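What TrEMBL says about this protein:
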| type | residues | note |
| --- | --- | --- |
| DOMAIN | A:62-242 | domain 'ABC transmembrane type-1' |
| TRANSMEM | A:71-92 | transmembrane segment |
| TRANSMEM | A:104-122 | transmembrane segment |
| TRANSMEM | A:128-147 | transmembrane segment |
| TRANSMEM | A:168-185 | transmembrane segment |
| TRANSMEM | A:223-245 | transmembrane segment |
Amino acid sequence: MQARFKAGIRRMIPWALPVLLLVLWQLFSWNGVISDRILPAPSDVFTAAIELTSTGELTDHISISLGRATLGFLIGGLLGFFLGIMNGIFRFSDLLLDTSIQMLRNIPHLALIPLVILWFGIDETSKIFLVALGVLFPVYINTYHGIKNVEGDLIEMGKAYGLRGSKLFFSVIFPGALSSILVGIRFSLGVMWLTLIVAETISAHSGIGYMAMNAREFMQMDVIVLSILIYALFGKFSDMVAKYMEEKWLKWKT
Amino acid sequence: MKKDARVPHIHLNQLKKSFDHTVVLDGINLKVNQGEFIAIVGKSGCGKSTLLRLIAGLEHYNEGSISIKDKELAGLNTQARIMFQDGRLLPWKRVLENVGLGLKGDWRQTAIAALRDVGLEGRMHDWPSKLSGGQKQRVALARALVHKPEILLLDEPLGALDALTRLEMQELIECIWEKEKITTILVTHDVEEAVALADRVILIEDGKIVLSKNINLSRPRQKTQQVFVNISEEILSRIVDPNEQNLRLIIK
Ligand SMILES: Nc1ncnc2c1ncn2[C@@H]1O[C@H](COP(=O)(O)OP(=O)(O)OP(=O)(O)O)[C@@H](O)[C@H]1O
Ligand SMILES: [Mg+2]
């Protein structure tokens with residue numbers, strides 16, 4: 001009983017600070033310490049959220065942003081994953097591709113925005129392309145290094161015990177690289193949101209970033225803050241997903 | 001198939017191995033009979049592990065030949081299972097899956113039986129990191145045995161164990177060897193262990209076999225027996241060089 005109570009407390013502690021901040025913010029807004037021209041009260045943001053939800057606008061924007069993020073992440077992530085695995089395992093493709101990938105990696109992908117707009121216009125393709133590009137490199141690098149750093153001794157053991165080809169890969173190489181791959185995924189989830197925010201803010205007709213930019217034109221401070229909060233929640237959510245994957249697949253480490 | 005008793009199971013002929021210009025093995029000649037138990041002793045770095053790895057087919061040799069039942073070894077030695085000096089369990093697989101590594105078909109039952117043989121059936125669902133050093137080595141032994149190899153190569157399997165667990169493991173290895181009659185090569189730095197277990201003890205020095213001693217004692221062997229002590233002393237005195245021998249005398 002007491003143990004469960006303690007566990008409950010422990011789960012609540014991380015949220016104490018955000019909640020406290022929210023309460024203080026609300027209080028200061030009420031008594032005018034924070035002017036609503038600088039920062040709207042949480043209650044105003046909440047009302048804005050309710051309003052936008054009732055018109056269906058908010059859910060539309062959110063689902064569009066989520067869709068872009070997911071699609072871009074999947075394309076870039078899978079590409080980076082397969083390239084990392086190929087180059088990690090096969091010497092020829094490593095020789096052929098790694099140098100080029102490393103060169104591309106050093107270009108900040110956001111610097112490509114003007115070019116990407118010229119190529120694809122400001123429709124879906126440009127955003128998905130940018131997200132995929134941003135996600136590709138962290139996944140690639142970490143997969144590549146993960147595979148390269150699998151202990152040679154364990155691979156040798158696997159071979160000595162009759163493992164070959166896909167069996168060797170799935171029993172030894174991939175699990176050995178997995179923790180590094182997950183680090184890459186976690187990092188790239190951050191890149192994913194960052195890229196999407198920037199891309200949507202600069203050029204879009206929809207999505208959370210567009211909602212914020214549009215609100216700026218009408219001085220709707222509450223909507224701007226709302227979109228920032230949504231990004232924060234999304235960021236937290238994807239981090240939780242990454243953590244969940246680590247806990248599920250790296251159980252042997254604990 | 002009729003087995004010709006005169007064909008050795010393993011035949012090393014003028015085997016030479018060097019790593020970048022340092023010669024490690026310099027003409028090793030050795031015939032191991034079917035079902036024989038050989039122990040290899042020698043100082044650290046004399047090439048014991050290298051020799052085992054050559055027989056397992058994990059390393060290329062420079063000169064000479066390795067024949068298994070009169071067939072020249074090319075690539076991996078599929079009849080042999082090696083138990084590595086450092087265990088090498090896969091940390092991301094549970095004990096049972098580690099033992100079942102590379103098995104086909106109904107591997108679970110076979111793996112469980114092998115774990116039972118080393119007395120670790122109860123730990124089959126644990127992660128290797130949860131095991132003690134000796135338990136890990138027993139799992140590694142089970143993993144080697146589960147394939148029913150014809151040749152068992154043991155590279156200091158008991159190196160990291162305390163005296164009591166060592167004794168238990170020695171008994172276990174002897175028991176399995178007697179039951180299965182696997183041709184076994186054991187590398188150890190413990191001369192007593194070598195004399196206790198082996199039909200023949202081989203000493204490697206400067207890349208060559210400098211001593212090959214048949215141990216004709218009945219099993220199980222008593223380490224306190226005078227013959228036993230004498231043989232151990234004899235081998236030991238060949239290992240330590242004169243200077244160190246003096247040192248030993250002084251300490252005594
Ligand atoms: N892959 C390698 N590359 C270069 N040198 C090596 C390699 N493997 C072994 N050696 C060298 O070969 C020699 C013999 O090594 P080996 O591991 O066979 O010794 P050992 O007799 O097993 O020693 P120990 O009792 O300490 O395990 C050592 O000098 C070692 O440095
Ligand atoms: Mg060794």
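Just so it is clear, glycine is given a Cβ too, placed from its N, Cα and C backbone atoms.
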**OP:** Find the member of A:71-92, A:128-147, A:223-245 that has more C-beta pairs under 8 Å to the transmembrane segment (A:168-185) than any other listed stretch.
**Re:** A:128-147
Original post:
Same-chain Cβ contacts of the transmembrane segment (A:223-245) under 8 Å, 6 or more residues past its ends?
Top reply: 39-40, 45, 48-49, 52, 62, 65-66, 69, 182, 185-186, 189-190, 192-193, 197, 208-209, 211-212, 215-216
Original post:
Is the transmembrane segment (A:128-147) packed against any residues at least 6 beyond its ends, judged by a Cβ distance under 8 Å, and which are they?
Top reply: 68-69, 71-73, 75-77, 79-81, 83-85, 87-89, 98, 101, 104-105, 109-110, 112-113, 116, 120, 173, 176-181, 183-185, 187-188, 191-192, 194-196, 199
